[in-house]
Amino acid sequence: MATSTPARPRPGGEASPKRGAARRRRFGLRLSVWLPTAVAVVIVGFAWSATAEDQPYLLPPLAEVGGILVEDPLLFVHNAWATLSIALTGVAFGAGTAFVLALLMSEIPLLRRAVMPLAVVLNVTPVIAIAPALVVAFGFGMTPKVIVTAIITFFPVLINVTTGLRSVSRPVLHVFSTLHASRLEVLLRLRIPSSLPYTLAALRVVFPLSIVGAVVAEFVAAGSSSGLGTMIRNSAATARLEYVYAAVACLAVMGVLMLALITVLERRLLFWHESQQRTTS
């Protein structure tokens, strides 16, 4: 009587259905994210085309806007780089100053009580009112534009980092106290890592704001010769709407790329945080 030996299970055979289900789940998640965006873009495109056909003095046809970008891409790259340089320099100064000041305020309560009201006053003061005075004081160069951008990006980082540094739970502080950790060790090993989610959340806000600040500064600095804000101002004055909207499209792409950069940083630096674990699960 012949006996048949049972077939050996293939390595990973049991896990393959689970992997397939995981792939389908990830595909469904991506589809749920990108499909509404694609539908919204198509709807906006149809609405734009209809408006441009009936009222060309309000919106230029999308083909003209795309044609301008294709015909002279170096013009937009040059101006986009000028605006991006102002935005990134302003973020470096504004966010860097706010971060250092928040560290000092977390250790010196008297400094926090002295600085916070001044920061609130600076935040509620319209930047468009300060910008002309800065242009008069520093000229039409890069300095007043960077200052305007730094002012816009300063307050959100200061508030978020201060909140993050003070959000450490008392039981964890008690553990560090039991281990006889110094104030510097508590700051470096506990408070700063705990404030990292708040800091990146602030950067998610201030990176797009830095572009707004750079464009506002270029609008006010009438003597500037480069930058997307300058291009928008000059093109609007001569009724070249296709250049206006092409520059706006470049600004939108810059903002999206900045947000994508912050998203990558969050995934790399906050892999331990609950928000990222919830996103990747």
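Each residue, glycine too, has its Cβ placed from N, Cα and C.
What TrEMBL records for this protein:
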| type | residues | note |
| --- | --- | --- |
| REGION | 1-21 | region 'Disordered' |
| TRANSMEM | 27-50 | transmembrane segment |
| TRANSMEM | 80-104 | transmembrane segment |
| DOMAIN | 80-266 | domain 'ABC transmembrane type-1' |
| TRANSMEM | 116-140 | transmembrane segment |
| TRANSMEM | 146-165 | transmembrane segment |
| TRANSMEM | 198-223 | transmembrane segment |
| TRANSMEM | 243-265 | transmembrane segment |
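Between the transmembrane segment (198-223) and the stretches 80-104, 116-140, 146-165, 243-265, Cβ pairs under 8 Å are most numerous for 146-165.
Recorded stretches compared: 80-104, 116-140, 243-265; the one with the most Cβ pairs under 8 Å to the transmembrane segment (146-165) is 80-104. Here the transmembrane segment (116-140) has long-range neighbours at 105, 147-148, 151-152, 154-155, 158, 213, 216-217, 220-224, meaning same-chain residues at least 6 beyond its ends whose C-beta is under 8 angstroms from one of its own.
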